Amino acid sequence: MPPTSRLLALLTAGNPPPLRLLLQLQAHLLVSGFLYSPSPFAPRLVSAFALTELASPRPLLHALALLASLPSPPDSASPYNAALRALSLCPHPHLLDRHCLPLYRALLRSGSARPDHLTFPFLLKACARVRERFYSGGAVCAHVTRLGFNSDVFVVNAAMHYWSVCGSMVDARKLFDESPVRDVVSWNTLIGGYVRRGLPGEALEVFCRMAEEGTVRPDEVTMIGVVSGCAQLGDLELGKRLHEFVECNGVRCTVRLMNALMDMYVKCGRLELANLVFERMDTRTVVSWTTMIVGHARLGTMDDARKLFDEMPERDAFPWNALMAGYVQSKQGKEAIALFHEMQEAKVAPNEITMVNLLSACSQLGALEMGMWVHHYIGRHQLSLSVALGTSLVDMYAKCGNIKKAICIFKEVPEKNALTWTAMICGLANHGHANEAIEHFRRMIELGLQPDEITFVGVLSACCHAGLVEEGREFFSLMDSKYHLKRKMKHYSCMIDLLGRAGHLDEAEKLVNTMPMDPDAVVWGALFFACRMHGNITLGEKAAMKLVELDPSDSGIYVLLANMYAEANMRKKADKVRAMMRHLGVEKVPGCSCIELNGVVHEFIVKDKSHVDTNAIYDCLHKITLQIRHTANMIDISATGIM
């Protein structure tokens, strides 16, 4: 074996030796008597074990066991710091939960070693990742002050980062304001924390203060934070000024910063400005391309989004998910499912977001068979039933007609949020289970969850289906009085439909006239159907004329108005409406239907012959027609008594 000096050099090298060699060194030191003697070997061996092969838990566990077995604790914090550093980088959360605080307590109890300026940054970074992080890190931050490290900028920055990760921006701000010295990391930590917590106004206020004081120059990390905050606000003019600040103040325009600028312009609805940044980039990452795909998807220009996607030199799951989500948002469910099949052929592993997008596409198309396949895929690949996946499955089964399965999935979701409850409420309402929908709504409120606009659409629809006028009035009132939610067109249309079906036509008309926005075709349509149901021709004519004003080319309203006149024995008026249709050249829109066969959705339109199997379909239809005629003739002959 090499001499002592070479062993020490090996253990203190920049990169620790591999685990295999360290185990050999430990065996040599044990045999030679150096391992447990008062020498620097054992502490340095602990540090080397802790920091080698960080992706594997074995070296770290070996380091912790070796540290605990030493007859006397090390006289410096170095081996403890190395183990804490390894824990802060460890990809195994259970090791953090089990060893983080006990290791720090062992350091405090050692007597011969004290925490130093390196201990707390590593410890706080590790604490930010443990399960009980708020309690554990809070105690550590108290030690920072007690041991006099609150004037060390590196320690204070670590404590600020810890509080921001825990969501306690009040504590992070208090540390920042009380710190006697700040560097650019201090400012960036506070700005980034505010942005992560969805407080962009506070982040921008800190940035303005930073610029006014002028003691620290903003860097690219600062600008990424404030530009991201601006994106949250959707403030285009402020975003342009920040972009100008970057260019005029010599801030290094990294790929990450340019990606943030593109994202800001996309979220502000200015895709052409995002494209200017994109075209100026010398190096583009997957994030750069994906941001532009998202921008086109937001505008509904899916052909351009697909063109960008096809031009990408390399793709991971994120651009696939972005394009798939764009198809779903544009109501192009078939294209979303087809893209998923392409993704499988490309051997790109789908993730939870992929499954959520795919389930949304199935919900749009009513593709139950495909939705069930996705459900089985989730089970086969042991994906945990997260809130997002559980909610998507509930929504898919409800919209595809299997409300019983939706209820079963709802019960299985371990942690339900407001969106999960909303999906169940809307599903029950759409299937006519009004009382169950209202019961779920009341249970949701009891649990302290906040309903949103869509929740109220579901519960008002339930009231409408069941004719529960008083309950509908109550929920409609609660939106404003208790939950301060702005009523939207859908809520008014539900309420007008409810009142109209129940025969409260005067109240329904009054509600239409007092709406804060111009009623759309759905609102006037609900009022028209109620008038037709209850025979109120005068109000029905008024609603019909409003519908014609909104869309003179819509054949449906002419047909319905003519039918209303016919039902009221007003034949002349009915004929007049039909003549008006012919004069205006308004034709009835061809019917459309979809079927799902072997996981593929097929769409058919009246008189359309564009389907790939049109000839076979029409041949089969012709044979069925002949068989029906033959059967009908046989029935007629039988009726005459000849047979």
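Cβ atoms here come from the backbone N, Cα and C positions, even for glycine.
Secondary structure of the repeat 'PPR' (183-217), assigned with DSSP and counted as helix (H, G, I), strand (E, B) and coil, comes to 27 helix, 0 strand, 8 coil. Taken from TrEMBL, the feature repeat 'PPR' applies to 183-217 (among others).
Per TrEMBL, the feature repeat 'PPR' maps to 285-315 (among others). Listed by sequence, the residues of this chain that lie at least six past the ends of the repeat 'PPR' (285-315) yet keep a Cβ under 8 A from its Cβ atoms are 255, 258-259, 262-263, 265-266, 269, 271, 274-275, 278, 322-323, 325-327, 329-330, 332, 335, 346, 348.
Annotation comment: TrEMBL describes 316-350 (among others) as repeat 'PPR'. The average pLDDT the prediction assigns to the repeat 'PPR' (316-350) is 95.
Here the repeat 'PPR' (417-451) has long-range neighbours at 387, 390-391, 394-395, 397-399, 403, 406-407, 410, 457-459, 461-463, 465-466, 468, 471, 475, 483, 485, meaning same-chain residues at least 6 beyond its ends whose C-beta is under 8 angstroms from one of its own. Residues or ranges marked as repeat 'PPR' by TrEMBL: 417-451 (among others).
The repeat 'PPR' annotation in TrEMBL covers 452-482 (among others). Secondary structure of the repeat 'PPR' (452-482) per DSSP (helix as H, G, I; strand as E, B; remaining residues coil): 27 helix, 0 strand, 4 coil.
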Task = For the repeat 'PPR' (285-315), give the DSSP counts of helix residues, strand residues and coil residues.
result = 24 helix, 0 strand, 7 coil
